[in-house]
Amino acid sequence: QYVKIFAGRGCYSHVGKTLGEQPLSLGAGCFKMGTLLHEMGHTVGFFHEHSRSDRVVYLYILYEIIQKGMEVLLVILRPKQYLLLTPFDFVSVMLYGETV
């Protein structure tokens, strides 16, 4: 089991361990510290902070201004999928900024 870092098209990784090779794409524009930490967070199993089942208590999403095709990144996970052991973290590297 290992992480294979490659220069793909964009910045992405599966959430959590996969069998064998764990692909981690770090393409052009992915080499800011926050982006690197974000993608490594996915690699070790962290979901987006804004995907928490309780996010409606903390965030208001303006869906009408979300970039086309990016809506999938704003899905809310069920409590069984995202165990909430910490308060909402507004400065988490796993939280998208104001523009998606």
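For all residues, glycine too, the Cβ spot is worked out from N, Cα and C.
As given in TrEMBL:
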ACT_SITE  GLU39  active site
BINDING   HIS38, HIS42, HIS48  Zn(2+) binding site
DOMAIN    1-100  domain 'Peptidase M12A'
Inset, instruction - Could you give me the DSSP helix, strand and coil counts for the domain 'Peptidase M12A' (1-100)? - result: 24 helix, 14 strand, 62 coil
Inset, instruction - Pop the Cα-Cα gap between the residue listed as 'active site' and HIS48 (Zn(2+) binding site) into the table, whole Å please. - result: 10
Legend entry - For HIS48 (Zn(2+) binding site), the number of other Cβ atoms found within 10 Å of its own Cβ: 21
Inset, instruction - Would you please pick out, from the binding-site residues HIS38, HIS42, the one with the fewest other Cβ atoms within 10 Å of its Cβ? - result: HIS42
Legend entry - Remaining residues near the recorded Zn(2+) site, that is with C-beta within 8 Å of the centroid of the site residues HIS38, HIS42, HIS48: SER13, VAL15, GLU39, GLY41, PHE46, PHE47, VAL93, MET94
Inset, instruction - For GLU39 (active site), list the number of other Cβ atoms lying within 10 Å of its Cβ atom. - result: 19
